[in-house]
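According to Swiss-Prot, the features are:
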BINDING   His571, His575, Cys673, His677  Zn(2+) binding site
Amino acid sequence: MKGNEIRSRFLEYFKGNGHTVAESSSLVPKDDPTLLFTNAGMVQFKRVFMGDDKRGYVRAVTSQKCVRAGGKHNDLENVGYTARHHTFFEMLGNFSFGDYFKEEAIRLAWNFLTVELGLPAEKMWVSVFEDDDEAFALWEKVEDLPKGRIVRLGEKDNFWAMGDTGPCGPCSEIHIDQGVGSSPCDNPNCAVGCDCDRFLELWNLVFMQFNRAEDGSLTALPRPSIDTGMGLERVAAVLQGKFNNYDSDLFAPIIAVLEDISGVKYGAAADTDTAIRVIADHARATSFLVADGVLPSNEGRGYVLRRIMRRAVRYGKKLGLEKPFMDRVTKAVCAEMQNAYPQLVATAALLEKVVNNEEERFRETLEHGLVQLDEKISQLLTSGGDAVIDGPFIFKLYDTFGFPFDIVRDIALERGVGFDEAGFATAMAEQRAKSRASRKGEGVKLHDEGVKALADAGKKAEFLGYEGLEADSVVEGLLSEQGSGVEKLVAGEKGRVFVAATPFYAEAGGQMGDRGSVRWQGGQASVYATQAEGTGLILHDLLVEEGELSLGLEVTLQVDDEERKATASNHSATHLLQAALISVLGDHVKQSGSLVGPERLRFDFTNFSQLTAAEIAQVETLVNEQIRNNAVIATDVLSKQEAIAGGATALFGEKYDDDVRVVSMGDYSRELCGGTHVGATGEIGLFVILSESGIAAGVRRIEALTGRAALAYVQGRLSTGNELADLLSCKSGDLVPKVESLLTAVKEGEKRVAQLAGQLASSGLDDLLNNALTVAGIKVVVAEVPLENAKALRELGDKVRDNLESGIAVIGGAVGGKVALLAIVTKDLVDRIQAGRIVSEVSGIVGGKGGGRPDMAQAGGTMPDKLSEAIASVPAIIEAML
């Protein structure tokens, strides 16, 4: 059975058993700072299991994209060397949120494996937690599970916990006996629980029934849940009679491409087999990480991706691949998996650019780094001491050549030397500490005690700002400027206020929070920021200008009308801008960030090259065309699945509720967005791009203006153009050719001036030579000459040298408020006196220094008023040196 069929059967089977098919979440977890990547099917349901979130269903089934590389769950160093380790894999899982429990989970899993997939029951084994008598008894009731096939194991193997505290529970694993000889094993008592692959774990059923307190005690959860996981790659290999995941059909097309481009046959040799497996795996991880918005960088998720990509390139060298090849391999990944994951098609162009750019950049430094590493290892192996690559050296390779630690480790293991991982980590930590220190002072959002108290009290605000800009409400919470709860704020004090309902939009989704005022009988305050805290809290940062603001007071909240309109205009323009960028550059364009305020907008997006002037103009034109179309901007609340299916654009990594707000601008733009917008595109008025720049590898930034700000900018540019036209006595439309003509004339004039200066300096050559002095029997030419530039002095010096058969010359002049000196000694005299010594001595008088060859030397100085004195001293200086 093919891997794609297994995936489809799994989803359809559980759908037929009352489960909702939930789409795979992004590899970038939205609300879990403890994880670099989504590494299990339950990650997207973590808040559901903890009771902090609810879904519109109690049964779910997924085929979840997972990455285990970096952080606690890191399989990177094992990839390629074992039959089962991957950086990227798919986890098939079914989930129950307080619905069915152990008996149903066991029944569903057993039936799928033995009936749907046809795996032989006689080869199956089951493990349960040693104290889970309930699960043991339920498995004993499974009629076609052979007797004696249930094994009790300890907490290490069969008890699962989300963390040190929180939901946890025993688990039951289903294993298949692949037979003697299926996996190397030296244990004569090999059985379920052995580290070899003979008794291969297929499926893990987690019974979340307890909550673990900080003291380690367990209490029963009111609504026990189910979380299961089965690796698609693993079950595909088993069904296809393979003992290695990489031998299944999921990898075959990728390996075939590698065989084609390298000329190396898979299965020919152990070392090249390892390289092929590494590249095949890493190409899958690269393809899906880029598709989910991760780009190579030097920190966080981007650094893990860079490590994966560069490790693949390095293993490519083992296959003789000296030219870029990863693009062809990732294309094979996309071709194989695009039906199950259509986003691979949408991001194909971006993936191609990312892969080619990263591989080319790394290849530029790879050879240099490999040479240094090889020299280091050779030195260690011949030194007779401990053959350990020191941490600072490994860090130097990382910092200078972009060598991830993994590459150094792999090569060290291959060459039989040690590596100082702790020393490398220390050097890395020191660098990060310096980086953090340099960023000291950047703003940090604090969740203080007052905010926590409001959240714990279940406070939530109703947002009324879509319908109007003014609303009456009641003060339900007050915080001091320091963040603690207070009863009142008086005139002159800053603080934060929470009300039951507000028209103020809280900063979110890149849109700045509203500003405005709060009024009450006998007082008022100015709101200078609005922020969202926790779940549902909207806090107004304000300054009390008059009166006393206290709890329970009835107030009127008024959003600044002009600022809201300007912000809405800029926000709507960012939607049009993204659509225009996709139209001009391609579907790889994805939003990477934005900042929308009343003054201007900033939009960050993925693209691996600078936009040309023509592309910028085209984008600007497209946006303004949509503004002139004056399309109605409509908002609808739809299910997330319905919105995405309808073509709505979602922000990578953003977590959305099951019901989402969709903002549509005619047929041109359709995005998931909770921000505020104008009523029709025509209200934007005008759109002008101020700048386009790069902010990171593969990320560009556009800053732009709309409405009145854009008009003022254009008027300012026109005014400046008119002033320049008046100054140059031409029409505004002729400014460019007029300026080009003037620049050409200036350059020609400068060239002519330089020529004349050279001629003027050279014209006195005969006079210089005829007026030469004699010092100790040697002809000495000494002169102070007018100079246009330093080049004129060198040209004069060349002519003096060519015409001075035997002698010394020292020439000086003032250029741009500084002194330029030149000394020449003919070759027959350099054994007696050197030009460098002469010019060094003379330049000291004019506050400078210099040097050069024995026959010619130059110097500079900062005291042109001392030049005559310096020139006059030359004969005495030469006489003293002879």
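Each residue, glycine too, has its Cβ placed from N, Cα and C.
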Listed in sequence order, residues with CB under 8 A of Cys673 (Zn(2+) binding site) and six or more positions away:
Gly509, His571, His575, Arg661, Val662, Val663
Given the Zn(2+) site residues His571, His575, Cys673, His677, which other residues of that chain have a Cβ within 8 Å of the mean position of their Cβ atoms, reported in sequence order?
Ala568, Ser572, Thr574, Ile633, Val663, Glu671, Gly675, Thr676
Near His677 (Zn(2+) binding site), which residues of its chain come within a Cβ-Cβ distance under 8 Å, counting only those 6 or more away in sequence?
Ala568, His571, Ser572, His575, Ile633, Thr635, Val663
All-chain count of other Cβ atoms within 10 Å of His571 (Zn(2+) binding site):
26
